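Input: a single structure, listed below in structure tokens.
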Amino acid sequence: MKTAVIQFPGSNCDADALHAARLLLDDGAQFVWHTETALPEGTELVFLPGGFSYGDHLRSGAIAARSPIMNAVKAHAEAGGYVLGVCNGFQVLTEAGLLPGALSRNKELHFMCKPVHLRVENNATDFSRAYGPGQIIEIPIAHGEGNYYADAATIAELEEGGRVVFRYADNPNGSLNDIAGIVNERGNVLGMMPHPERAVELLLGSEDGKGVFESLKTVKK
Amino acid sequence: MTSQSLRDQAATFGLTTEEYDLFVSQLGREPNALEAAIVGAMWSEHCGYKNSRPLFRAFPTTGPQVLQGPGENAGVVDIGDGWGVAFKMESHNHPSAVEPVQGAATGVGGILRDIFAMGARPFAVLDSLRFGNPDSPRTRFLVNGVVDGIAHYGNAIGVPTVGGEVTFHPSYQENPLVNVMALGLLRHEDLATGTMGEVGNQIVYVGSKTGRDGLGGAVFSSADLSAASQADRPAVQVGDPFMEKLLLEATLEAIQAGLVAGVQDMGAAGLVSSTCEMAYRASLGITMDLDKVPTREEGMVPMELCLSESQERMILVPVPGKEQALHDLLAKWELDVVTIGEVEAHDRYRLTWKGEVVCDLPVALLNEAPKYTREGVESADIRAARERDLSGVPLPGDLGAVLLELLSHPTIASKRPIFERYDHQVMTNTVVVPGAADAAVLRVKGSPMGVAATSDCNPRFVQLDPYAGAAAAVAEAARNLACVGATPLAITDNLNFGNPHRPEVYYQLQQAVQGIADACRALNTPVTGGNVSLYNQYTEGDHKVAIHPTPTIGMVGVLPDVTVRASLNLKAAGQTLLLLGHRAEKGWSDSIGASQYLETVHGLEAGQVPPVDLDLAQKVVDGTLALIRAGLTDTAHDCAEGGLAVALAEMAIAGGLGLNVSLDAPASVRADALLFGEAHSRVIVAVEDAAAAGAKLDELGLPYAVLGETVEAPKVTIAAPAQHVHLSVNLESLKTAWEEPLKGILG
């Protein structure tokens, strides 16, 4: 699956995203600098990596969501192309209006880096097919602002539509309904706070994140 | 200002009157005020090492593994296959004492610039932190601030914080220590240096604009702390990790594209020290136009432009002919880029401002600060404490309770509440997370190798016996690396001491340097660089509180195969526990001297520091590595603070398994010395095949003892028949004692 990893100034999981994408999806995966206005020809997956884009100035992800490349990313999503936003990438997706809700400060008010357990709530999406229904997986989190919030109507819509893909088994940050990752209505845009790209090699402790990439790989074109 | 009043004010520039006179006589004229301030900064301890450098001649600095020794932004070791590791440790003690968040944050930022200035991509940070009384509000304020600062900077820039130390002792109450070590990875061909290169080269300023922050920081950090230091808060800089991330990427891209002839971070004493040191290394002169320096505010004067320590600024010297290419590349990263001067065929450090020459000094004179060799005298109080007879110290009735008390001492207790606030996994190289083993381990992508790093020092040992204590720190670092399966390669040191003008402090510095030198020679770990932080002394009227002397050792090692390694957690029941380094007749720790136990339980810092046998230290490193690499063990842990009993308990807690050991020490050994004494050169391993492990150790001539075995039952049982000890504590109590204390200190 031809993959483009977007680099904003301040992205810091960009190289990790590229590494995982090359390992599991596309050995020709490449970076795209935020000032570009078009994605590389034939891009199938846009990966918005973690980090502190624009130094988290204003709000996490707010400035990145308005950078030139994001018009191309929105067009890609509207055309049914896949978009995966992890951590700061998830924040960018909510700021860009590609996913509903917002991510506010963790309830403990500080940054947290640790492995957490997630339950795969919906394994029928193109991002989660490789997992079993209700499977418990271990993937690390590393964020200060991962507390998912949306109004009651939106939460109900997400729940009823099966759009909550991953849920924390033991909520670390105060997210409503223990939400760790959601998809858009069409199912081609996933945002999640935990870092699947950090859990794709046993050497680093867990390969439970591989399923996200393997799911995408098996999508029928 | 007249020259007479300049002389009177020499102290405000950080010079003694004698130093001022020496400068004038060598210069052959009176300086102007700017020149006096520049020489004051360059001759500060921080930049000029005037009290410490003469001692450094004792250090071994060469070896086949050393690609870059002392004198550059960072040292570099060869790890094989064309890879090198740049590493260095630096202190940010004084800034952290007055403004902990920014003090610690800019400590991280500064050391990272030293690493990428070598052409290496920073890939790990370790912090060695020392605080005062854990119960005091000031300590809570400092701990929370420092941890926030490290997290703020390290997490944002995306370099994992993978290890370090956090300890508590009243001597650091007013003057905490924040020592930050960073490692970077490079291909040999990308190694860069801080030189001006050749005549005609341009001098390019890149990064943040220059502001009025951090003015006089080098001088500030080279004086005692006092209540008045709070007024020096403007001497603390403010960091911007976002800017540094851009600077990092841009600098590395420029070096790798072959556009850079020389590069250096603007650190202490800012623009002046960076350009002056680069000129000195090239043995050439330079002229710079201060009007070209990008400024954050209007009306800045030469003194401010020269000595500001605004963060995130670098000096780059383009390869001749590549000037435009370099400018274009830096502009892509949205950085300020200005050519501010040129390298010339003379020996002067010349600065112009508004068309006038405002500084014209010999480069060599600025870089060759006077060196002092002082008379060191041991403090009589410390000698008395060391020689104190400890035979009257009462033996506690309940040794199980002592074990719990030691595990819950904040120095020993779990640091999880701290390291969970640091992103320790970004860059996806962290193979061993903080707390899981005696050293951090990172993989090298595209290679089978791993890199291990640790920082170590037991300041109580150094206080009581600076020579033995410093040697012990080097030996402990080597053991910690061996316990993860890494061959020790080299060290960087961060020498934190009190005021060297006091003979008893100078004595400590002298002895500690010799101890480090001898241990590094014996263990084949040369010194590739370091940092000196003196004047760690808090003055209140006539009352002077110096910190415990703390020569922090940062050591780096290599694992030929990162999958062949060990960690400290017990992994299976039914394995045999061996104690390596045990010498038949005197193998058991037979002294409580200088131990954490003696301090915590009896309130005494006294007794002889256990002697360091460097030959045995090397054998224990070799033996531990041999067992790991032969596949005979994947579980190893060094015995340090709290002795054998604490080490065993830590292994059980981490593994969630019990153990059952019996110590057959002779009756002449005290029970507390046996359990909690801190004899060196001891490593505990758990092995499946005790006979094969024994044969291997015999072959190497390394003495060892069989302690007992690991068990399923969640209980730590330690017996010592001759001492009538039978201690049995359940794992849950040990775990609670160890896990809870730091949670209460962090807000």
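Placed from the backbone N, Cα and C atoms, the Cβ positions cover glycine too.
If you check Swiss-Prot, you get these features:
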- A:2-221: domain 'Glutamine amidotransferase type-1' (DOMAIN)
- A:Cys87: active site, nucleophile (ACT_SITE)
- A:His195: active site (ACT_SITE)
- A:Glu197: active site (ACT_SITE)
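Around the residue listed as 'active site, nucleophile', taking its Cβ as the centre, 31 other Cβ atoms fall within 10 Å, counting all chains. Every protein chain shown contributes to the tally, and the Cβ of A:His195 (active site) ends up with 28 other Cβ atoms within 10 Å.
In this view, A:Glu197 (active site) is surrounded by 30 other Cβ atoms within 10 Å of its Cβ, with every protein chain counted. Rounded to a whole value, the Cα-Cα separation of A:Glu197 (active site) and the residue listed as 'active site, nucleophile' is 11 Å. The average per-residue pLDDT of the prediction over the domain 'Glutamine amidotransferase type-1' (A:2-221) is 95, rounded to a whole number. DSSP assigns A:Cys87 (active site, nucleophile) to coil in the three-state reduction, placing it in neither a helix nor a strand. If you measure from the Cα atom of the residue listed as 'active site, nucleophile' to that of A:His195 (active site), you get 7 Å. DSSP assigns A:Glu197 (active site) to a helix in the three-state reduction.
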